[in-house]
Amino acid sequence: MSNKRPNTTDGRTDLANGSLSSSPEEMSGAEEGRETSSGIEVEASDLSLSLTGDDGGPNRTSTESRGTDTESSGEEKDSDSMEDTGHYSINDESRGHGHSDEEDEEQPRHRGQRKRASRDQDSSDDERALEDWVSSETTALPRPRWQALPALRERELGSSARFVYEACGARVFVQRFRLQHGLEGHTGCVNTLHFNQRGTWLASGSDDLKVVVWDWVRRQPVLDFESGHKSNVFQAKFLPNSGDSTLAMCARDGQVRVAELSATQCCKNTKRVAQHKGASHKLALEPDSPCTFLSAGEDAVVFTIDLRQDRPASKLVVTKEKEKKVGLYTIYVNPANTHQFAVGGRDQYVRIYDQRKIDENENNGVLKKFCPHHLVNSESKANITCLVYSHDGTELLASYNDEDIYLFNSSHSDGAQYIKRYKGHRNNATVKGVNFYGPKSEFVVSGSDCGHIFLWEKSSCQIIQFMEGDKGGVVNCLEPHPHLPVLATSGLDHDVKIWAPTAEASTELTGLKEVIKKNKRERDEDSLHHTDLFDSHMLWFLMHHLRQRRHHRRWREPGVGATDADSDESPSSSDTSDEEEGPDRVQCMPS
């Protein structure tokens with residue numbers, strides 16, 4: 001952690017330096033330059049837990065006074081202890097030259113004691129600032145606007161035709177989420193979940209190379225089959241308007257495959273339709289198309305795939321920053337304008353492309369880019385592990401590793417600042433997912449390395465729900481039901497968990513303060529010991545990979561698995577470079 005002085009101007013403080021900040025628009029250029037990804041910047045609007053978003057009130061005054069105290073302690077730390085040394089020298093000279101040798105020996109000891117006292121005071125101030133922030137984030141929430149009983153009466157009287165739609169977006173239901181049941185059928189980490197359009201089936205993919213289609217209400221698998229992949233299945237999605245008969249899949253082996261399902265509840269075959277030279281983490285579906293979708297890979301390539309063609313895949317773009325390729329972890333199609341799609345990966349930029357206007361000779365084909373301004377020139381290399389569009393395409397949500405979650409207005413111009421920031425979770429160990437929840441994208445939901453699920457109210461950035469989602473320690477995948485107030489989650493555990501608003505009372509967020517503080521401390525410590533972090537990541541990655549190889553060895557024998565339609569016609573990305581094999585591959589490890 002840097003020893004930069006906190007600034008209390010206008011009541012702003014960077015929490016990593018012991019202070020709070022108001023909004024991105026109010027930050028000066030100098031302050032933005034000082035902000036680092038290792039710290040949690042807290043806007044005053046985030047600290048206010050009222051839905052009005054009022055910056056005023058008594059909390060403001062106390063925050064400013066705390067910021068002043070922190071600044072004074074920060075000045076002591078900055079001196080550490082040049083000013084102290086000068087002070088001691090002046091005192092020594094005033095004593096004259098007649099002091100004893102014993103006094104000379106005691107002076108360094110006194111200096112050390114002063115330094116330790118200064119460091120202890122600074123640590124105490126940081127802890128107090130952290131405690132103040134956590135307390136403000138977890139105070140009582142105001143009364144929700146949507147009330148169940150009045151809404152039920154209106155429905156009975158025929159004046160509320162959209163009861164279910166409104167109920168799914170009501171905070172009171174989200175605060176009553178409780179684990180309903182688990183779906184057990186995998187023998188490895190579950191990396192992907194996807195509901196079909198009707199919401200009756202749920203597809204899951206795993207490190208065990210299997211895909212299972214669940215009747216999640218009856219808690220029974222409808223069918224399960226070998227994916228045909230040779231390594232961890234990262235995504236499996238029903239193609240829309242296909243009668244639930246086609247599943248698209250991608251995996252660590254770089255393959256993009258399609259499974260054809262029959263009405264007799266079996267998988268007829270799987271075939272490879274594209275090949276990345278690097279892991280492929282995500283697919284992007286067009287909302288109404290049963291034949292076309294996009295894939296993105298760590299080789300920086302985006303393929304467009306049309307199942308009606310003899311050669312389904314064609315290269316759409318190679319993502320670059322200047323001349324350097326940027327490996328991709330995530331891709332999403334704008335639901336309101338399917339010509340546009342957004343990608344994120346091994347750097348800090350959200351890139352938006354328009355398929356009709358891609359010219360790699362002009363701005364590398366990019367329509368526009370977004371990035372939190374404090375991360376543009378940050379020394380710590382931030383990666384985007386997941387991004388999603390809102391239901392109407394007006395907003396874009398991006399989750400950064402070892403950082404926070406940011407909301408952008410997708411209609412803003414190139415280089416625009418984020419509009420909201422969501423804090424408290426930890427995104428470090430795996431490629432963490434993020435999603436909107438609610439029919440109008442009213443909430444933001446994310447997993448965390450601490451094994452918990454966090455739900456924020458989108459408008460106020462307040463944590464409104466906090467659930468233990470994974471005993472294995474990491475929650476990666478979160479899939480809202482398309483029509484009901486139901487959430488499916490998965491992670492390092494080998495099961496799928498189904499959540500519904502069946503609790504008798506709203507959550508009390510028990511243990512949230514301790515978890516948030518622990519997450520922030522760990523993030524700060526990792527930022528100070530980046531080399532040790534990389535070593536631990538590499539060890540974790542190698543151990544996990546060796547376990548998976550032993551487990552899957554039997555599936556690698558000839559003749560085992562789905563039919564292999566891997567003809568040479570399936571295109572592969574020839575665009576690869578040594579740049580892609582750096583430590584960033586481990587910074588955003590897949591599960």
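Glycine is no exception: its Cβ is also placed from the backbone N, Cα and C atoms.
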Would you mind telling me which one of Ser89, Ser124, Ser527, Ser567 Swiss-Prot calls phosphoserine?
Ser124
Based on the annotations in Swiss-Prot, which residue of Ser23, Ser570 is described as phosphoserine?
Ser23
Candidate set Ser65, Ser100, Ser573, annotation phosphoserine, source Swiss-Prot, matching residue
Ser100
Could you let me know which of Ser22, Ser28, Ser37 shows up in Swiss-Prot as phosphoserine?
Ser22
Where Swiss-Prot marks phosphoserine, which residue is it, choosing among Ser79, Ser94, Ser123?
Ser123
Per DSSP, what is the residue count of the repeat 'WD 5' (379-418) in each of helix, strand and coil?
0 helix, 17 strand, 23 coil
